[in-house]
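Taken verbatim from TrEMBL:
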- 1-34: region 'Disordered' (REGION)
- 23-33: compositional bias 'Polar residues' (COMPBIAS)
- 215-249: repeat 'WD' (REPEAT)
- 250-283: repeat 'WD' (REPEAT)
- 297-338: repeat 'WD' (REPEAT)
- 421-462: repeat 'WD' (REPEAT)
């Protein structure tokens, strides 16, 4: 039985109620006040708390977590007058069942895993390995390999992949200006570049540009017509797939652009993060006349490794090499970056050094972020972070990989660390929460892809602890 059917959710607007969610298992050192009353806190609670008529209790107990059994009884008795759970009711139930059991093994390679992402509907899962393999698994068919791709034009590693919204095409990037696109909807399982199938190269270099650069991040637009890419030449590129050419190059930052994404489904706004410590917002409707960022978000003390949009064109989170995740509201952005002094040792290198102990307590003098989450490590590689799924959790949590070999889950509003998934023997560069079910998959430099679930499949976890692999060299990937 599917989770949609089981909990009887509809897609109507969220109902208001009086219940307030618990704060999780550990407060930790996070900079989120208990009276965090910003709009996003109210929106999050509004999307993940039950209808007041399903949550009423004895006087003085309305702030406690509402039991699932009580909500089911209330639904059967039609206390709310709706006859079924609303989206907020369902999120309140599902968000309490975190994917923390396991792990179960998905796959293992002799090559470090760099990318792991579910498709938008959760039917497929994409994993990319440094050795040049990309595998697409059919989740509903027992994680059977749907497509086994051996890449071309690879320099050092696969830095990113992106599956098109219609799930027919996959693009993969490396430390070159060429992004390759593969038809993953074909019937052939084995896809050997330009031997069994054509991997078309999309050239992101602009005419007259003689500088070689690599691409750290690439994403499809919601309509599947464009790609946005972040590059090592401090620029953002937008590629028009119909015209088969770059239609926009933005000299965006003063250092490597490590991460980029569209802010929402319109495609007008773009978020970017860079080693210059800044997140920037770009409005394509104004670029022709202004030629500059719509705004700048300051607060990280070190480079930004990844960012994720909430999907509403307003909020985003970012991971930084200052060992933090930050929550942002673009309405608080500045028109330009203000000067901030260097706050750590000049020769510190996150690729092979630990973060200086004295720097862990430092704060940016012009921090514009709404909240800061600490506990995980952002070292060795470009660690990624995300909002939890809207359907099952109401985006109540944020989660991130970590250089200490774990996955961390934080409560967005309270900042509490609600889970720490510990199994891997190498940095967890990427992780992905299933859009519908309480299932999370982590990928690590130890070469393993691990699946965490609630409640699991009633079997003993099959994934043995891997043996640590030695690294040869350190790279900002």
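The backbone N, Cα and C atoms fix where each Cβ goes, and this holds for glycine too.
DSSP assignment over the repeat 'WD' (297-338) gives 3 helix, 20 strand, 19 coil. Sequence-distant contacts of the repeat 'WD' (250-283), counting only residues of its own chain at least 6 positions beyond either end whose CB sits under 8 Å from a CB of the stretch, comprise 216-217, 219, 221-223, 226, 228-232, 234-238, 293-298, 300-309, 311-314, 316, 318, 320, 328, 330, 333, 337, 382, 476. Secondary structure by DSSP for the repeat 'WD' (250-283): 0 helix, 19 strand, 15 coil. For the repeat 'WD' (421-462), the DSSP-based tally of helix, strand and coil residues reads 0 helix, 20 strand, 22 coil.
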